[in-house]
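Novice: Have a look at this one.
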Amino acid sequence: MKYAALVGWVGASAVAAGIGIALLANPATGHAETSNSDTTSSSRPSQAKATASSARTVRRPTSATPKARTGPARVKPAPTVDVLRSVQAAQRNWFQRTFEAVTPTFPSQTRSEALDPGETSDPFQLGGVDTDGRRLTYAVHGTGTGGGTLKISGSQATYTAPTGWNGTDPYTDTFQLTTSDFWSGPHIHGLSGLINLLSFGLLGSSGHTATGTVTMSVEPYSAGTFPVDFVNNSSYDSGQIYVTVLGQTSKDHWAWVDQNGTTHAINHDDANAPGHLVKDGVNYANMSYTLGQAANLRMPPDLQGARIYVSVAQPLYIGINQDNSGWTVPDPVGVTNPNYGTVYDWFEFTFQYGGVPFGGNTTQVDQFGLPLSFTLTQGSFSDTRGTTATRNQVFTTYQNSVPTEFQQLVINDGQGNPLRIASPRSVQPGALAHYLDEPVNDFWTTYKTESFTFTSPGSYTVTGQINANDQFAYTVTALNPAGVSGNYVMDRPTTAQVFAGDGPFVGTHEQGAFLAQLDAAFNRGVAASPDQWGNVAAYYPADTKYNSYAQVFHELGLDGKNYGFPYDDVNGQSSVLILNNSLPPDAVTITIN
């Protein structure tokens, strides 16, 4: 390929050489008045001036004479000496660039990167220099000294750390590269380049290439941190989607994480810092950034009770307590909340390096705003949970599936566009406030005359009955010697308490585990049949009232799993994924569908 180009250049060079020799001999051909001859320079200017003068119109306008010309057309003056000199300079520059081109250089280049084993860096610019401004191409010769891979695309490169690296010890990886201006139009690098061209590379030196090194100085990320990546499959541009990350770096100490993975303690004074946000005349701390700015987002080694919010078109406006002890959670049904008119959703996780295994999930416990799914990866483990349907598909499925009482949970903006679907835990409008009274009453009626029994294998057994005070009196017997047994009573729960999993459904130890089972059974429509509590196929039966909101999201969830109510993790039906160790994940990838 190279020598085919050389053959073509020979003919072009011969023509160009002739032009160049002519330029060197007389660079101002056709304009003798600017030559260095003393005789010419003293005689020609007066002639040029006279010629210009004689060509002008003989009549001159006066106050009594119209300015319209009636004589010969005006002739423009001859080009000035400055214009001629500019032309000559351009010609000389062209000749020099074509026949005396400067050889490119490639200074040694060192770049520092923080990477995980097998991770690829962001693209970076290679440092070849061509003072003639020619386009340079690059090539890697051989392999690096550290086992990584350097890939070139145009004038940029990416580096991939070796998968066999332990991820803890820093190292360097040096590559030999060449850069060339060969393909940037016909040109010759002086006499040596011409000889090389005419001898088809046998003699002289082409002068087209320079050799240099690129050294990657690779350091591990801070121990215990892990990357969070985003995939945007939505109809929104990445510049329209904002990310906000908040969590506890230690008990009762809240922080937000910026786009570079740095944590900052929340501070109410940030509401008045440069770059703060303003909504409806109120200042807020700016803790958000766009999806496009989050390419290097990493989570710290200790962040618990954390949320990664994604919002559309606007950042989140979050108030911070005066004592910095907490922050105001966006309220999906609070019409005065500054985020009420914003479409948003979030991913939840908790992790403490060396202490608490990573656990994360998407959630519809409070509301649905955007369909999110996530993939958790560590070593050979990889699994995905969440909702992959589009936002429009979710709203359509919901509205075509749920009873009238649940239709009222769809919240629209002033133009009728859907903002979110509130969960029945968050609000129970109209008849929904008593929707589950019927199955609750059925349970009370059944076990007023029958004995209730339930066993959680290896954990506890429960027996009970409705007593004379219209309470569910039950005994929990721990099957583990370290467990806690006891006698308890439970008041008849309201529909709101069933949806929220609070009130009489709150307990501790084995009792708390049983109450979670009972609440989940009410939401799933199987409370009166404890032998079916562990049978997923029996959930949401056609002849019973249940949490239809949760049922739709299980229908839409991957593998039928989603987090539709607080105790939806009972019997493994939520979207939560938990690692079996307290090492950081290799990656958490959140997809906006």
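Note: Cβ is positioned from N, Cα and C throughout, glycine not excepted.
Note that TrEMBL annotation is computational and uncurated.
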Novice: Can you dig out which of the ranges 106-130, 156-180, 406-430 TrEMBL describes as region 'Disordered'?
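Specialist: That would be 106-130, the stretch labelled region 'Disordered' in TrEMBL.
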Novice: Please report, as numbers and ranges, the same-chain residues at least 6 past the borders of the region 'Disordered' (106-130) whose CB is under 8 Å from any CB of it.
Specialist: 136, 138, 152-153, 155-167, 177-179, 181, 184, 210-221, 227, 295-296, 586
Novice: With DSSP helix as H/G/I and strand as E/B, how many residues of the region 'Disordered' (106-130) fall in helix, strand and coil?
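Specialist: Counting residues per DSSP class in the region 'Disordered' (106-130), I get 0 helix, 11 strand, 14 coil.
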